[in-house]
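Okay, structure first, notes after.
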C-alpha cells in the first residue's frame, strides 16, 4: 500500500490513476526495495552544525538533501547539477521534498514478531500455530523453549520447556537428538515450515467430522486465517520481521526551538531505542557474550520494536522525559487526532472567514449580508485579477497596495467581483446538509454577517451571539454547484420529512396569527368589499378593523388560467394574507381563510410549493415574512402579570385531591392496598389534578368575553396567542405559570409523591423550590451528555450508510413491504396516507368497493393519490422499499421513491445513505436521555380499557370467554383480539385483549365510536380459574414459599408468595393452587391437564384453602408494580439500542413454531417449557424460563409462531429468525418512530429502512453446497448471490444462507472497504485483518474516495466518474481498432452501442 500512497504525493513519479488500493503484509524484500539505505546510528543531527549525522536517523545521504538542489557539503548547488550524487558527502542533488517520501530501514540482529499480528485479538500468530497466546508470548519473550523437532525422543512437537527442563532434556537425550528453540527465531522457523494447503485440507476434514460447537468455531477461525494467507499470497513468516522500515524524516520532524533546544516527534525516540538495542545486540553477538545476556538483549529489542509499532499494547507504556506516553506509529493513525480523521477526512480550507450573525429581514431569501471588510479579504485574488485586467495595476504588488489603501475603485471592483458569485454559509454544528447553504452576498457596513430570518430553522441559528463561517467556492464548477444545488432557494423542504423548512417562526407567526383572528362585534362587521383596494382604503380610514367579520371578493384564476372571483366570508386581515397568495386554481382563498397557526402556515406554504413551483414559493415566503414582521410590530402584543390567569376552581380541585390522597393513606393503613399501589394511586391522583387545573385555566383563558360598554369582544389573552399560534411557549409552560407545577421527578427518575401546588405567578414555597431543584439540575446535566451521545450516534449512522447511493433507475424486484396505519391505544398516530406518500406502489391499488384502479404498479404515489386511497378506506398498501431493493451496490430510484427535499423522484447519484443518517441523527439532541422509571402515572391511565375507534360490527378472534359468578364476560384466552369490521366486512381495527379482562361486547355486536369494549385492572395481573370447585394449596409452606406479611402500620395480614428457591430447603417446592371437584379429585381443564395453577414470586393470594370458587374467579393476583417501576429505555439510548441490534435486558421469548404448550421437568431455577408442534415432521422446541419471571401460559395452551412465551421487549435477532425480514423492518421502524414521535419529530420511514438495509447485508451460511464457504460463515449477501450464479452455471449445488442482523457499529467495521472501516473505529484491528487477507479496496463508498483525495462517487462526482469510465473504454476501443487497422467503421458502430448504454437519467 505504501508505494501507492507514496506516489500520490510524489511529483517525480507521476501519480498513476488507480482504481483500487490493496494492502498486504510487507515482506523483508519489499521493505528493502522501498529503502534508500540502512540506518546504523541512533544520532539525529549534530548539535553544533545542525547538519544531519551520516547514517543517522536524518541522514541526508539516505533520505535526500535538506535544501532544494544543494548537497550537504555545499559542493554542488542549483538546478544544473540535478541528479548528481556528490562524491564527498554522498548526497543526491534534488528537491528537498524527497525527504517526505524516501524511506530507510534497520537490519535487525535478531528477528522480532510484529505486535499487531501477535496482540491484536484474536492473535493471528497463535491461531495459525494452534497455540495459546500466552504460550507464544512465553516463547517470544524468552521464558520458555519450544520443541520444533522432537526427533526420536519422548518430547512432543510444540512442547514448551522451561530453562531447567531444557537442560535436563539436553542431559538426558543429548543436544543433537532434538531441536528446541527460543524467541522469535523459533516462531519464525515454525511459521516458515508450515504447509498451508495441507493444514487447510486437514481442517476441512476435521470440520466435517466434529460435532462439538466449540471445536467447530475454533477450526473455522483457524481455517479462515489459513485461507486468507493462501489467497492473498502473504507468507506466514512475514509476520516476524527481520527488517524494520524507517519512515521518511520529514514525517517525524526535529524542529529547533529558540534557546538551542529541539522539539522532536516521539517516533525519533522510539527509533533511537530500537537502533541502540540492535547495535548493542550486534556487538554482544560479535563478542560471543553469554547466552543469558544475549537473550535479555533480544527481549529488549523485541520490546522496543513493539513500542515503536504500538506503544502500550503489551507491557508498560514507554514514556518520554516528561512522563507522557510516546506516540507510536499506531497512535498516529488512531482516533480523532489520528491521520484518518484529522487530516484525511477533514481538512482545513482557505478562503473562509467567520463572524457574528445578525438578522437581515430586508434581504431576499437567496441573499446574505457580507461585511465589506470580510468580502475584501475573501475575494482578494479575484480583485487583483480585475485590477490588472482593467489596467489599474500592472503587478500584484501594486494591486496589493491599492487594496490595502482601500481606494474607491477597489470597492467598485469588489462589487463587480461579488455579483453573482455565491458564497457558502455554515453554522456549526452541521447536523444535516441544510447546515451549509449558498447565498448571494450583498455588501453591508459593519462587521456582522446578515442572515435571512427564514433560513434560521434550517441552520438552527438564533441571533443571541451565534457565529457563522463563510466559504468561497473558487472554481467555476464549485460556483455552479453552489448555485444549482445549495442555494437557499433550492432547499425549501426538509430532507427528513418533506415538510417545508422555510417556515416563518416566532414573531412572524405571531403577526400572521394576529392578522387572521376573527372577533365579534368589531367596527365594520358585515361590510362587503368588492376588491382588495377598497379594503385597504377602509382600513387606512379606520372604518373597519383587521378582525371584523366581512364579506370580500377574492380574485383568483380557474383551471384554464382565466381570472375568476368569488365572495368569501372572512376578515380584512385574512384578505391581506390572501393578497400575497400566488394565483392558482389549486391554491384557493380557503388555504389562508383560517386562523394562521404555525401548522396552518406550514400547510399553506406546502400547498403553494406543490402547485405553484419553487419560484413562486420563494417570493411568497419573502412577502409573508415581511407581512408577519410588520403586523407583529403593529399588534403590540405584550406579556404582563395579569395575563397569567389562575382558575378559581384551583383551590377546590387541590382540596379534593388532598382528601383523596388521605383516603388512599387510610386504605394503606387498613391494609387494603400495598405500599406500591398506594404510591401509584397517589401519583395518579395528583397527575389528574394537575391536568384538571390546567384544563380549567385554558378554559378561562380561551373564554370569549365582551366589553359591557362597547359590546366589542375583548382582545385575546396574549400568552394564549403566543402559545396557540405556535410562536413561543407550550400549554405545559402556561400550566406552570398559571395552573400548578404538578409532580416533580427525583434525579433517579422516580416521581416525588408530593406535588408542587403553587405556580410561578404565586411563587413557590421553600420546600417546593427545594423539591423542584432536583429535576431542573438533572435536566441541565442531561443536556450536556446528550449532545455528545447524539453526535456519536450520527457518526455511526453515517458510517454504516455512507456507501448507499442511488445507482440505478429500477431494479425490477417484485418484493416490497406492506404499509398499514399505525394505531396506538385506539388513536391513529400515523395514517396510511402519510406512510405511503412519495413511495412506489408495488401492486396495482384498486378501490375495494368499486374495483376501479387508483394507482398502477410501479408509479409514485403523490398527494392526489393519497387522498383517493384514504377516501376509499384502503387498509394496507404494498410498496417498494429500499430494504427489499435488489441492486447490488446502493439502491435503485424506484425502490427509494421520492426525494423528500425536492418533491420529485430521486435523482441518480443521490447519497441517500448519508441523508438518512443525518435525518435520524439531527433530531437526536431533541430526544431525552433518561430512561423512564415508570411510577404509575399516565401509563396506567392509558392502559386500563379498550375503546372502539370506529363504528362497526365486533368479531372476536381466538374466542375463549367465560361468565364469572357476577355474570360478567371474562377473557380467558392468551391471544384473543377484538376486531371491528365496517359494513363492507373490511377490518378497520384489531386490538389485543389482556388475559382476565372484563369484556362488554360479544361476536356480532354493533358498536359506536368511543364505546367501551373491555377493561382490566391496570395494577395487577389476575390468575383465574376455568372450573368450579374447592381450593387446595400445594407446597405453600409458611416462611418458605409463602409469607403472611402483617403490615406494621395497619395490622392487616396478606399472604404473598416469596422466592422459595433462596433457601436450600425450599428448592424442590412448586407452589400451586389446586382446584378439586366434588369427588375430591383434581378437576380437569377443558383442554386436558389438571386444574393446577403454578404461582410466581410476589403473587398475592386472593382465596383461602377450602373455599368454593366458580368459573372466572380470581385465585391470585401478581402486582404489576414490579413491572411498572422497571426502566423503560426511552429517547436516545433506545434508538441506539435498536440500531445497535442489542438484546434488551429482559428480552421476550418468542415461539418459533405453532403448537401446544407442555411443561417439562423444572431445573433448579429455570422452568422448562416445550412447544409440541401442530404439524408433523417438525421437532419440538424447548425453552428455559427463569422461575421468578411472571409466566402466564398453562399446560395445553395453543400458541402461534411469533407469539410471546415470556413478555418483554423482543430481541430483533429473534424477530428476524422467526418472522423474517419484513416483520423485523416493521418492528424496527415502528419502535424507532415511537421514540421520535413522543418528541413530535417527523422522520420519513424510508430513512430508517435505508439504515436497516445496511444492517442486513450479511448472511450466515446454513448449507455450503459446493461452494468454498463453511457452514456458519458470515458473508456478504451480494457475494453469495454471485457465487451461486457461478455455481449454478457450472451445474453445482448453490449455497444457502439466513440473513443476519448486525448492529450499526459492527456493520460499519465489516464493510467491504477496509479504508472506510479503519477510519471509523478499531483502526489497528481492521488494518491487521485487511493486511492478512490482502484485501483490495475498490473505492466505492464516499469515505474511501475522500481519503484518497477524489471527488465522491455521488451527485456530480458520480456522473463525472461514469462519463470518464465510458470515455476511457471508448479510447481503448479506438486505439485497439487502430492497432488492428480495421478502419473507422466498426469502431463507430461500437461507439454507437456504448452511447446507448449511458443512462438516460444523467
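Each residue, glycine too, has its Cβ placed from N, Cα and C.
Annotated features in Swiss-Prot:
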BINDING   71, 73, 86, 89  Zn(2+) 1 binding site
BINDING   462, 464, 466  Mg(2+) binding site
BINDING   811, 885, 892, 895  Zn(2+) 2 binding site
REGION    1379-1402  region 'Disordered'
COMPBIAS  1385-1395  compositional bias 'Polar residues'
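The 10 Å shell around the Cβ of residue 73 (Zn(2+) 1 binding site) contains 14 further Cβ atoms across the protein chains shown. The most crowded of the binding-site residues listed here (89, 811, 892) is 892, judged by how many other CB atoms sit within 10 Å of its own CB.
Under DSSP, residue 895 (Zn(2+) 2 binding site) is assigned to a helix (H, G or I) in the three-state scheme.
Once Cβ contacts within 10 Å are tallied over all protein chains shown, the binding-site residues 86, 895 are led by 895. Each residue in 60, 72, 74, 75, 76, 88, 90, 91 lies on the same chain as 71, 73, 86, 89 and has a C-beta within 8 Å of the C-beta centroid of that Zn(2+) 1 site, without being one of the site residues. For the binding-site residues 462, 464, 466, the largest tally of other C-beta atoms within 10 A is found at 466. For residue 71 (Zn(2+) 1 binding site), applying a Cβ distance below 8 Å and a minimum sequence separation of six or more within one chain yields 60, 65, 77, 86, 88, 89, 91, 92, 93. Of all the binding-site residues listed here (462, 464, 466, 895), 466 has the Cα closest to the Cα of residue 73 (Zn(2+) 1 binding site). Neighbours of residue 885 (Zn(2+) 2 binding site), defined as other CB atoms within 10 A of its CB across all chains, total 26. Secondary structure at residue 464 (Mg(2+) binding site), taken from DSSP and collapsed to helix, strand or coil, is coil. Here the candidates are the binding-site residues 462, 464, 466. The one whose C-alpha lies nearest to that of residue 895 (Zn(2+) 2 binding site) is 462. Residue 464 (Mg(2+) binding site) has 892 as its nearest neighbour among the binding-site residues 811, 885, 892, going by CA to CA distance. The Cα atom of residue 466 (Mg(2+) binding site) lies nearest to that of 892, taking the binding-site residues 811, 885, 892 as the candidates.
Per Cα geometry, 892 is the residue among the binding-site residues 811, 885, 892 nearest to residue 462 (Mg(2+) binding site).
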